[in-house]
Amino acid sequence: MTWGTELWDQFENLDKHTQWGIDFLERYAKFVKERLEIEQTYAKQLRNLVKKYCPKRSKDDEPRFSSCLSFYSILNELNDYAGQREVVAEEMGHNVYGELMRYSQDLKSERKHHLQEGRKAQQYLDQCWKHMDNSKKKFERECKEAEKSQISYDRLDNDINATKSEVEKAKSQLYLRTHSADESKNEYAAQLQNFNGEQWKHFNVAIPQIFKNLQDMDERRTVKLGETYRSFADVERRVVPIISKCLEGMVTAAKAVDQRKDSAIVVESFKSGFEPPGDFPFEDYSQNLSRTGSDNTISTPKNEGVVKPDPKHSISKAAKNKLWLFGKKPKSPLAPSLEDFSHLPPEQRRKRLQARIDELSKELQKEVDQRDALNKMKDVYEKNPQMGDPQSLQPKISETMCNMEKLRSEIHKNESWLSEVEGKVSTRGDRRPSADVNHHTPHGRESPEGSYTDDPSQEHRSPPHQPDPRQAHQPDEFDDEFDDDDPLPVLGHCKALYSFDGQNEGTLLMKEDDVLFIIEEDKGDGWTRARKQSGEEGYVPTSYVEITMEKNSKGAVTYI
């Protein structure tokens, strides 16, 4: 069924219907716009919610409990879910709302064009009808005038009293009127034929074509609505797999919660490494009381069967504080954190030292990589001088080498503290005497508290003879610290004022203007222990070098 044949006389109704169709399309577009605004608001609120419950935190505050990790995984999945809602809103805005609004503008223009053509065709038909009606009216008037002239001529022609001139005049007038009536008749016939032809074209060609165009336009509008309905659903359908993955991720995070693992983390986080306190002996303070015979008791011989207080086991205030876990924990003043973490329990101290060693090792590897890169660049410059000056890289290489020495020293110091902690932990676990711990303490090293070992023999070293300022006198013997694989910390650096052959064992060969690292100061024997950048160590005469010590070298400059 076509509008052109079935609705040939419903121009005004079709005008209203097509307008309603465009209004309905724009109403649906408005619905889509409000829907995508809801999606945008929903996604924004979800992201704000994730941001609220997943605040920025430092590396030390990273959660380790499986329940916390699972919760943050759920937050990440929820954030991805919010991203998919934003995708839905974006595609709805572009593929549905934007397309509908553009199509609505096209429909308005097309509808206006078709309606204008219909109105022009109607106006042209009306104009043809007016021409035909005017010619009809003119023909009617001319016929009436001709009838009057006929009646007047017949009256004069039958009147015997009428003169011949009057009869001739009436006859002439009748002829003119009859001729005009014939012309009006011909014009009316022509106009009528023209109007009938235009009317047939109007209702059988022009109007059907215009109405067909309107029908095609309205049908395309209906098809477009169906397509946008489908697009509206396809936007949701395309994100369903990703949303399903987000939900699966949340389920996986929920399954990853492990209560036993979390309990083990609690133990690892708060385990002190201390042993539980032992039994306290009974302290009898009544042994000095005098007893009389009237007490009807058997007196106990003096100093027999009486447990004397053991000074080693006397209950002190510090020992009583060990019982805080059965009551309220005593308040302790806030102590500053020490470099060796000796203020922490053994187990926590071991973890902190190990973490620091790992971090310093990473920094050392960076410096090693930088040194290797600089050396390669220096080799390239030496082979191709036009590319750059090799000597310009020497300060940077020296600085890198110095940083490497400092990092090695820092690692060595922390490894010494770690070895001490691990030795104490293993000794406490094996129930060994505390003297065994001191037996394994490295020779010539400081304890974490900054004091040397209690064994005097381990601090003693035989000093070499004082060398001559111009002719170096070699030392007779050196201690066995050169057998220690662990390098000593860098205390400063020195510049050679004179050359030194270093022929004796334990001495170090140096040339004038060489720069060395100081690892042990002169102890009054005239010799200073130094290290080259290559790692070679030995003693050099103190008077042969110009020494510059690092500020706060103890503890500040360390070896890895």
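Heads up, the Cβ atoms here are built off N, Cα and C, so glycines get one too.
From a predicted model like this one, the values you see are computed outputs, not experimental measurements.
Feature annotation (TrEMBL): of 140-174, 350-384, 525-559, the stretch labelled coiled coil is 350-384. Residues 273, 340-341, 344, 390, 393-394, 396-397, 400-401, 403-404, 407-408, 410-411, 414-415, 417-418, 421-422, 425, 560 of the same chain, all 6+ positions outside the coiled coil (350-384), place their C-beta atoms under 8 angstroms from a C-beta of that stretch. DSSP assignment over the domain 'REM-1' (343-420) gives 72 helix, 0 strand, 6 coil. Across the domain 'SH3' (489-550), DSSP helix (H, G, I), strand (E, B) and coil residues number 3 helix, 29 strand, 30 coil.
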